[in-house]
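Undergrad: For reference, the structure I am asking about is given below.
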Amino acid sequence: MDVRWIGPEPMRRCPPHKACRLIFSLLFGVWSAQALEMSVGKIPYLEAVNGSTVVLPCTYFSCIGIHNLYFNWQFNDNGTMQKVCESVIPSEGVVPKVSIFRDRVEFVGKNHENNISILLWNITFEDGGLYTCFGRNPKEKDKNHSAIFHLIVVDELRVVDNTLTIMIASAVGGAIALLMGFMLLKNFTLFVLSKMEEKNKECLVSSSGIDNTENGLSGSKAESKATPKKK
């Protein structure tokens, strides 16, 4: 029995041509732009002295907003991930109730401007290592993201040798000063030469006027002698 489809033509798969690829890329780009992003700042590490107090920064961002955003901080203890704190943020601007699992830890972000940073009091060498800031947003179909911050604990901060930097800055400054001096000297020389040229022109004009007067040429003020009469 021959069975035929009655009605509109079934939807066919989009052929792999340029238009379909462009549409897919645009849709994927829009979805990527809306994805949750966790950030620990432009410098993802900190070198701190043993016994000091430090802040581990972290903020989140989502184009479409959040709803019951879950976040936590974890510490990598020789390959074993230990939870430092966790909480759920109902919506933006709401200060969450944070559960703390380690001593000398305080939640200081308060969700102000999407800030979920934590503070470590009186750090020790055992506190040094990698800390992961993790987030998951149910509003984006549980889209999740994480960022890693490296805390380095030392006895004392290293003294940075700025000798090379000072030498380079001095050399550059000297070169700039030399160039400016050369330009000033050049402008002054051109100014003096222009004044000398103007003076020479004035002298030539004055000298030409005197010669014409002495020779009795046209335009001179020399007195003309009377023509003697014939006897």
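Even glycines carry a Cβ here, placed using N, Cα and C.
Curation does not apply to TrEMBL; its annotations are automatic.
Reproduced below are the annotations present in TrEMBL:
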| type | residues | note |
| --- | --- | --- |
| COMPBIAS | 207-218 | compositional bias 'Polar residues' |
| COMPBIAS | 222-231 | compositional bias 'Basic and acidic residues' |
| DOMAIN | 51-149 | domain 'Ig-like' |
| REGION | 207-231 | region 'Disordered' |
| SIGNAL | 1-35 | signal peptide |
| TRANSMEM | 164-185 | transmembrane segment |
Undergrad: Of the residues in the domain 'Ig-like' (51-149), how many are helix, strand and coil by DSSP?
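TA: Output for the domain 'Ig-like' (51-149) reads 9 helix, 50 strand, 40 coil.
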Undergrad: Compute the average pLDDT of the predicted model within the domain 'Ig-like' (51-149).
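TA: Averaged over the domain 'Ig-like' (51-149), per-residue pLDDT gives 96.
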